[in-house]
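So that we are looking at the same thing, I have put the structure below in structure tokens.
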Amino acid sequence: MFSWNRRLARYVKAGQHEKTIELYQEMQQKGMSPDNFTFVPVLNACASLRALEAGRKVHEEIIQSGCKADVFVGNSLVDMYSKCGSIEDACKVFNNMPSRDVVTWNAMILGHVNLIDMYAKCGSIEDAKRVFNKLPSRDVVSWNVMIFGHVKYGQGQKALELFRQMQEEGVQPAPLTLVGVLNACASVVALEEGRRAHDWVIKSGWDSNVFVGNSLIDMYAKCGSLEDALKVFNKMPSRDVVTWNAMIGGYAIHGHGKEALKQFEQMREEGVQPDDTTFVCLLSACSHSGLVDEGLRFYSSMSTVYMISADFQHYTCMVDLLGRAGRLHEAENMVLAMPYKPQVAAWMALLGACRIHGNVEMGERVAKQVLELEPENAAGYVLLSNLYTATGNRDLSKNIERQRKERSVKKHPGRTWIEVDNEVHTFVVDDQHHLQMIEIHAELKRLSGLMHYAGYVPDTNFVLHDVEEEEKVFNLCHHSEKLAIAFGLINSAPGTPLCIRKNLRVCRHCHTSTKFISKVVGRAIMVRDANRFHHFQDGECSCRDYW
């Protein structure tokens, strides 16, 4: 047995896991009786191969041999079941072990964390949470997996709640934890929460960590404070290409195209080589600022100067750049010239441009491509319907809406978030559930009067329902961002800037009315929609109506 066990251990150490199991089977065929030293390498081989059924068979043979009380064998069983994804079997073995050492506990914790990570990465957050709640003890790694899982699937607020719970349970965060928390703050535009996370970073001495620094820049830029993002950027002792990309991308989403280009020149002067993400940020900056010639120049230099091949993101940015500028045929040719089948994002960018510039013929052609690629995506129907409405084709617009409903394609409801007194409030269109809805409606009525006297006339062209004009105006006044702005006005001191986030692109009506609101109430209002930031002040928007 000694020589057999030595050979098994040698095979497993060399990573020859299939050979280990074959040797174990050969040993049994020759009538040898396995002992504790036999089972450990065989279970390790099963764990590495994720061979659950083979592992179960070995477990049965362990019970028959009477070796189940051995702590080393028990640890190997826990490890094998955990790595094979059968956490319930691992728990049964763990609970039946008469004695446990630190290896036992580590195997159980790691098993739950592998499993949590798998569920989180597959988008099954509820299953991840179920496993997380069963953990015998939670270390910083398990908390990190849960925080990042929630951030990845758009549950930033839940991630922040987890971070607070983690602190209450006395678990000290690691630099990676703060990266996840900062990403969560960025996703829900929770600036004050982000500032508190920044205080944690400074207190812990992690402000020199390049990964944390990059996340701080990204958080401040996405929460609307470019000034703070630049302060972090200037204080960083070392910067990598991700640092520069975060700053260039920050300028891009705020519509500061020329500043983004200056940042790129400074990056080159400091000898940092751009990557493919750098050019996505640059082309996006050019698109949001109408810098068409500059965008074309950057696109050309990618392959000729930097030897970077364009991928679908670069093509989509170029389609968006040309389309916004009204160069629709060039934009369409860009889509058709892609070296691979265009993704829906490129066609959607072109369809959006057709809506802006009222090109019905091309819009119909492009919408057909969108609906073929993603028939369950309501955005294609909505954009084409809006295009028909804007060009006076109301019957065609109603027909598209009818098709969408007949095919049971649901529109994503518009949602808007606003942070007041360190609490994030959510609103949907014509929301009736908020506790302050009576006060919010009264504030909207007051604002409507002030805006009317300031010369505001509601644009009801994009209201698709067959209702009276007065009802159309009412519907427009109850879009989710209007409700959030009214809530912010009645719950904050006069003159305090408001910052809201919307999950969809801001509509033209709300864009115009928010300009008027900023003027009549004397407030700065910052809106982050699905594409970019809009800074409203004194009746003007930073995008100069180009978005």
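The backbone N, Cα and C atoms fix where each Cβ goes, glycine too.
So TrEMBL lists these for the protein:
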DOMAIN    455-547  domain 'DYW'
REPEAT    1-34  repeat 'PPR'
REPEAT    35-69  repeat 'PPR'
REPEAT    70-104  repeat 'PPR'
REPEAT    139-173  repeat 'PPR'
REPEAT    209-239  repeat 'PPR'
REPEAT    240-274  repeat 'PPR'
What is the average pLDDT across the domain 'DYW' (455-547)?
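On average, pLDDT over the domain 'DYW' (455-547) sits at 81.
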What else in the chain is close to the repeat 'PPR' (35-69), if you only count residues 6 or more beyond its ends and a Cβ gap under 8 Å?
1, 4-5, 8-9, 11-12, 15, 17-18, 20-21, 24, 27, 76-77, 79-86, 89, 96, 98
State the non-local partners of the repeat 'PPR' (209-239) in its own chain: residues 6+ outside its ends, Cβ under 8 Å from one of its Cβ atoms.
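The answer is 175-176, 178-179, 182-183, 185-187, 189-191, 194, 197-198, 201, 246-247, 249-251, 253-254, 256, 270, 272, 499, 526, 528, 533.
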In the repeat 'PPR' (35-69), how many residues does DSSP call helix, how many strand, and how many coil?
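So the counts come to 28 helix, 0 strand, 7 coil.
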Mind checking which residues reach the repeat 'PPR' (240-274)? Cβ under 8 Å, same chain, six or more beyond either end.
210, 213-214, 217-218, 220-222, 224, 226, 229-230, 233, 281-282, 284-286, 288-291, 294, 306, 308, 528, 531-533, 535, 542-543, 547
Within the repeat 'PPR' (240-274), count helix residues (DSSP H, G, I), strand residues (E, B) and coil residues, in that order.
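Its residues divide into 26 helix, 0 strand, 9 coil.
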Let's see if you can do this one: DSSP helix, strand and coil counts over the repeat 'PPR' (139-173), in that order.
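Within the repeat 'PPR' (139-173) the tally stands at 26 helix, 0 strand, 9 coil.
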